[in-house]
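Colleague: One structure is given below, represented as structure tokens, and several questions about it will come after.
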């Protein structure tokens with residue numbers, strides 16, 4: 001009697017997959033699964049940013065700069081000329097207060113930076129080339145603002161400075177680049193020039 005089933009190919013095991021054919025079902029090899037895991041891990045490792053390490057020197061430098069800047073603000077505030085000494089709130093009062101508070105906080109930060117271990121900065125990324133470029137550009141913008149302020153006036157120099165600084169740090173759109181600088185300039189002018197009588 002002739003069997004209806006086709007004879008099994010000679011020399012080929014039952015689980016054999018011909019060359020060039022992709023395995024299917026549970027007979028698939030683990031190489032495809034492993035390659036998929038590797039493909040998923042590699043982009044994650046590429047996107048992983050280098051975290052900033054603790055730095056006592058950086059904390060001391062920042063605190064020292066705060067002390068120097070606040071002290072300079074206080075001295076400049078004392079140099080403001082007042083036509084009539086009232087003994088109360090005058091054009092020198094507000095900047096003197098800011099300078100005094102800043103000086104006290106700066107000294108406190110300096111003491112903490114010297115006597116305590118440096119703070120952890122695990123939530124911060126390490127410095128990058130783009131970050132240094134932005135820092136230098138911001139310092140240059142600030143210097144230009146200080147130079148232009150007496151020449152063109154506060155109401156002209158401040159919006160230009162704020163627009164440039166906002167764009168430098170990623171601000172886009174007409175609302176961000178126009179409304180924010182104009183409203184901020186108007187608010188500062190109202191507070192200092194109008195209410196506190198501090199000449200700008």
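Including glycine, each Cβ sits where the backbone N, Cα and C put it.
Pasting the feature list from TrEMBL:
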DOMAIN    61-200  domain 'DUF1468'
REGION    1-35  region 'Disordered'
TRANSMEM  58-77  transmembrane segment
TRANSMEM  97-119  transmembrane segment
TRANSMEM  131-148  transmembrane segment
TRANSMEM  177-196  transmembrane segment
Colleague: Suppose you look only at the domain 'DUF1468' (61-200); what would the mean pLDDT be?
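Modeller: Mean model confidence (pLDDT) across the domain 'DUF1468' (61-200) is 87.
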Colleague: Counting only residues 6 or more past its boundaries, what in the same chain has a CB within less than 8 Å of a CB in the transmembrane segment (177-196)?
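Modeller: Residues 89, 91, 93-94, 154-155, 158-159, 162-163, 166-167, 171 contact the transmembrane segment (177-196) from elsewhere in the chain.
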Colleague: Give me the DSSP three-state residue breakdown of the domain 'DUF1468' (61-200), ordered helix, strand, coil.
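Modeller: For the domain 'DUF1468' (61-200), the helix, strand and coil counts are 102 helix, 1 strand, 37 coil.
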